[in-house]
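Novice: The structure that follows is given in the form of structure tokens.
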Amino acid sequence: MRFHLKFYLHYLVLLGFSCVISTYGPYQRAQRTGDILLGGLFPIHFGVASKDQDLAARPESTECVRYNFRGFRWLQSMIFAIEEINNSSTLLPNITLGYRIFDTCNTVSKALEASLSFVAQNKIDSLNLDEFCNCTGNIPSTIAVVGASGSAVSTAVADLVGLFYIPQISYASSSRLLSNKNQYKSFMRTIPTDEYQAIAMAAIIDHFQWNWVIAIASDDEYGRPGIEKFENEMFHRDICIDLNVLISQYIDEAEIRRLADRIENSTARVIAVFASGPDIEPLIKEMVRRNITDRIWLASEAWASSSLVAKPEYLDVMGGTIGFALRAGNIPGFKEFLQQVHPKKSSHNEFVREFWEETFNCYLEDSPRNEDSENGSTSFRPLCTGEEDIASVETPYLDYTHLRISYNVYVAVYAIAQALQDILTCTPGKGLFANGSCADIRKVEAWQVLKQLRHLNFINSMGERVRFDNGSELSANYTIINWHRSPEDGSVVFKEVGYYSIHNKNGAKLSIDKTKILWNGHLTEVPFSNCSEECEPGTRKGIIDGKPTCCFECTECSDGEYSDHKDASVCSKCPNNSWSNGNHTSCFLKEIEFLSWTEPFGIALALFAVLGVLLTAFVLGVFVQFRDTPVVKASNRELSFLLLFSLICCFSSSLIFIGEPQDWTCRVRQPAFGISFVLCISCILVKTNRVLLVFEAKIPTSLHRKWWGLNLQFLLVFLFTFVQVMICVVWLYNAPPGSYKNYDIDEIIFITCNEGSMMALGFLIGYTCLLAAICFFFAFKSRKLPENFTEAKFITFSMLIFFIVWISFIPAYFSTYGKFVSAVEVIAILASSFSLLACIFFNKVYIILLKPSRNTIEEVRCSTAAHSFKAAAKATLRHSSASRKRSSSVGGSSASSPSSSISLKTNGNEMSPSTRRHSQKPRVSFGSGTVSLSLSFEEARKNSVK
């Protein structure tokens, strides 16, 4: 493989040689001898004529076509810099720089053909060419090359001259591939890499909020890496590419038409192009032919100001183009130098003749064009007089107002000169070569200049630092231009509308003045180029299956979420204390709710609670006022007072549930409710059970009275209540309740109490219900007591209401939320409290206040006597039945009529027979009174013998 490569190089070099050493390279050139020779490669033409070579005869060199005025100006910039250096007394004194400049015709083949002349004398000994020919002429070696322009051309040249370590400084090749110093060891440049331009192009698209674009790139080392970096940037910015194609100036017309069809049918309105002027020109011509005017073109630096496409006749389609341009430089005296060009004054520059003919559309004497015109091969042109005025014509050659590439050429030449100056002024022992030695300026070689360039560090005329060491790239400073139509002559005007500056990969600044931009059609509003219509605030982007991420549908934000800007990717969640408004564009503070004192519901509950307290207090006052009456005495006066007090506590505890919950109210309200109700139920239980035992007893004894004395009754109430108190203490110690803000409800923050332990609350209510069930049992058994003691029936009814209320409370409590939880419990407390108050006391208050005739001892005695009579009769019947059964068991044939007498004596008094005869009703008295009761039962004797 290495043998073949070496043979190929030998062949290329030999191909460039001829017997006349002075004609190395293409015939047309700009050349001047000197002590040190610099090479130059410039695109004087845009391309070559396509010609089929059938090889029937010796192939001829391809012809370059379409003159490039800007390329010729770049060439003139190199000549101007060299002459300026030669005339300088401080830079390279007594050293004359020469040059040899060729036309690359913007093609690799022409550039390589020219490059062979540069390497002809370099390293000939290393190639061992003496055996092939004698090539030892006195031609100065080319110690550096300035060029080429296109990245594809520079890449090919760099592969060739790099083999001989000839330094190459490009003025326009910006491909990021050329930054690889391992592959392109001798390549340097005075233009920023395209990596920065791709970032800048994506930044502009992002700046105008476009997300749906077409990407076009030239199919070479310039377009492919540039568009690849551009695609990566677009991906990171969530911008989609609808169409991505590669083009070339040599693409056939059918392919151009197909590409134009795809662009015309695309919904993307922005076209980003990474290509040179010659490559994009065929497509633009087709777009102009079709008059497709609704597109925005985004131009890379290579064609943003190209004279091939920046034509007035293209402005209807290309107007409003946004492009990148390098920062312009200043070259003093260059304007005058450009105006001095003339065929008779530029014998060393063979390109001037063609420039003159193309500028004035004529031909010079002895010109090949004259022969072609006579043979009819070209259109007729008049003869040039030589007196034409170059300043009288409009040509890109004289566009020196924005010197960009020309300035880069200027800097490249001065960089080489500065390196040579460093060699000239080198101090032995401090040089860059072995043992600190210095190179001989008179015998300097290309590799020595390359070494010196790698250590070059100087400030150019623009104040920028120029370095070519490994990893160094020029700072990216781009001017953003906008294509306008000149109001004077209709020509294309490049209006500066902003800039993009970057000094490193982390620091970039984009500045665009939108007011200066004039879009196609003289519009000032930014055109729309998105796959989908932008989503309004309050919505977010929704993914569409099978479509790129830039194509979306607008989905309304969910409740509790918002988006306050257009094209939101996601909806932001409102804070816990906020909720989204109706159109989901912002959040508002949630309304804080609790069972307030000021709301109608809270006021109503509070009024009912106060009413309950007042009614209970009223009943208590009545009972205190009439405490010595039989009804009050018969109702167990002391327990009734305690019961009424507990009911006041019950009604009062409901008030703690109203108002904004605080930690202390949450800890107090449930224990207050639980203890109050247990105290109330305990009083009813003890009271009911005592009455039941007294009336169920056949002969009340002193033991009964002792057992059910007041002390024991209060002790039982205390014990029952103490159990509830202990439940509350354990609850408050282990899991104390506290205030809690519930954010789960839409638009509302409910401040409630976190009970701490639902099990503890269950024990509290469960224990209360257990006592109520026992009380219900005793009350149910006492339902047939004397009429004056019918409160047992009402207690039974009140317990039924109590159970209904609290059984209903459980599902209602767990199915409600927020302030309604407290309201449900308040309603349950009030309902059960009112039922107890009404059932137990309202009947008695009615008798005391409205029926005082029934509040007498006679009424009580009659009722008690009747009940005692029934009870004694039942007892006697049971006793008689038992006696007969015993008599039958011993064989008795007759039964006697039993006579039973039951006397209930109090204080030793006994009723007389006369009193018994005249008495219509049994007499019953309690306290200090006397009770006498006599019951007789006679059963007619059954005569077994008639």
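Glycine is no exception: its Cβ is also placed from the backbone N, Cα and C atoms.
Take a look at what TrEMBL says about it:
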type     : residues : note
TRANSMEM : 7-27     : transmembrane segment
TRANSMEM : 601-626  : transmembrane segment
DOMAIN   : 601-864  : domain 'G-protein coupled receptors family 3 profile'
TRANSMEM : 638-659  : transmembrane segment
TRANSMEM : 671-693  : transmembrane segment
TRANSMEM : 714-733  : transmembrane segment
TRANSMEM : 760-780  : transmembrane segment
TRANSMEM : 792-814  : transmembrane segment
TRANSMEM : 820-842  : transmembrane segment
REGION   : 877-928  : region 'Disordered'
COMPBIAS : 888-903  : compositional bias 'Low complexity'
COMPBIAS : 904-914  : compositional bias 'Polar residues'
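Structural setting of the listed features?
Specialist: Residues of the same chain lying 6 or more positions beyond the ends of the transmembrane segment (638-659) and with a Cβ under 8 Å from any Cβ of it are 594-597, 602, 605-606, 609-610, 612-613, 616-617, 619-620, 623-624, 632, 665, 668-669, 672-673, 675-677, 679-680, 683-684, 686-687, 710, 713-714, 717, 822-823, 825-826, 829-830, 832-833, 836-837, 840-841.
Beyond the transmembrane segment (714-733), the same-chain residues lying 6 or more positions past its ends with a Cβ under 8 Å from any Cβ of the stretch are 638-639, 642, 667, 670-671, 674-675, 678-679, 681-683, 685-686, 756-757, 760-761, 763-764, 767-768, 771.
Within its own chain, the transmembrane segment (792-814) is flanked in space by residues 684, 688, 691-692, 765, 768-769, 772-773, 775-776, 779-780, 782-783, 785, 821, 824-825, 828, 831-832, 835-836, 838-840, 843, which lie at least six positions past its ends and keep a Cβ under 8 Å from the stretch.
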Novice: Any residues 6+ beyond the ends of the transmembrane segment (601-626) with a Cβ under 8 Å from its own?
Specialist: 595, 632, 637, 640-641, 644-645, 647-648, 650-652, 654-655, 658-659, 823, 826-827, 830, 833-834, 837, 841-842, 845, 848-849, 855
Novice: For the domain 'G-protein coupled receptors family 3 profile' (601-864), what's the model's average pLDDT?
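Specialist: Reported value for the domain 'G-protein coupled receptors family 3 profile' (601-864) is a mean pLDDT of 80.
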